[in-house]
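Q: In case it's useful when we look at the structure, here is the feature table from TrEMBL:
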- CYS153-CYS186: disulfide bond (DISULFID)
- CYS154-CYS170: disulfide bond (DISULFID)
- 20-41: transmembrane segment (TRANSMEM)
- 61-81: transmembrane segment (TRANSMEM)
- 93-115: transmembrane segment (TRANSMEM)
- 234-255: transmembrane segment (TRANSMEM)
Amino acid sequence: MYYYRYDSAEVSCCYKYLMFSYNIIFWLAGAAFIAAGFWAWSEKGVLLDLTQVTRLHGFDPVWLVLVVGGVTFILGFAGCVGALRENICLLKFFSGVIGFIFVLELTVAVLAVVFQSQVREWINDFFLANVKAYRDDIDLQNLIDSLQRMNHCCGAQEPDDWDLNVYFSCNGTHRSREKCGVPFSCCNADPSDSVVNTQCGYDVRNILNKIEWSEHIYTKGCISALEDWLPGNLYTVAIVFIVISLLQMVGIYLARTLISDIEKVKFSY
């Protein structure tokens, strides 16, 4: 009587520990992201009063950090434990979720190209909503300030977009010192200044004509600045997308190879 026998009825240690090493990095990175997110919330007092999460009208960057950290942590855990314990369910979960994320990325990229005008309108509305909530959250405030300073822009389309914010609005009877002004991140940066002048945008839209604004503040909207930035950095964006895609493909390949080895070992007995 003859029996069929596999040449190597064992799980490849090479693929097993490559899979573990690949995922331990993401597992630790996910844990770091989650820790940073909760630290940011503790600094803002959110952990002591969770109702603050529902009261914020704009985008809280901490949510993005926590979501990315949570997904990365779960995937890293599934990959590490699945590899060490040779658990087919965890490995299939890992490869399935990575594959889904990859398809989702491709779908979003294609839709962004096909529906450019709608995407532009959505980004514009999103930016304006966060302009309105600028003073509601310190992380959101820092994010908008960084965006405006790095891209030399102000508002979504123009500096007058800051009329949507109750503190900077020229309308109404409020007594805000920032009335009819713009945030300091809209001001033309002077390289010789060693200290940031946070009051440089006060009254700028009230005492100056629009023609004179460009001498003191950025007049280009951030949506236009983004549109100008993208063509010049298309190769950089493409390289980042390709690197992320390759990392995902490597993870799927390692997981599927391990699953195949594990199944061969099981069927050989």
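Any Cβ shown, glycine's included, is placed from N, Cα and C.
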Q: Hey, how far is CYS186 (disulfide bond) from CYS154 (disulfide bond), Cα to Cα, in Å?
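A: Cα to Cα, CYS186 (disulfide bond) and CYS154 (disulfide bond) are separated by 5 Å.
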Q: Could you tell me the C-alpha distance between CYS153 (disulfide bond) and CYS170 (disulfide bond) in angstrom, no decimals?
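A: About 20 Å separates the two Cα atoms.
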Q: May I ask for the residues of the chain that lie six or more residues beyond the transmembrane segment (234-255) and have a Cβ under 8 Å from a Cβ within it?
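A: Non-local partners: 15, 18-19, 22-23, 79, 82, 91-92, 94-95, 98-99, 101-102, 105, 109.
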Q: Applying a 10 Å Cβ distance cut-off over all chains shown, what neighbour count does CYS154 (disulfide bond) have?
A: 27
Q: Given the disulfide-bonded residues CYS153, CYS170, CYS186, which one's Cβ is surrounded by the fewest other Cβ atoms within 10 Å?
A: CYS170
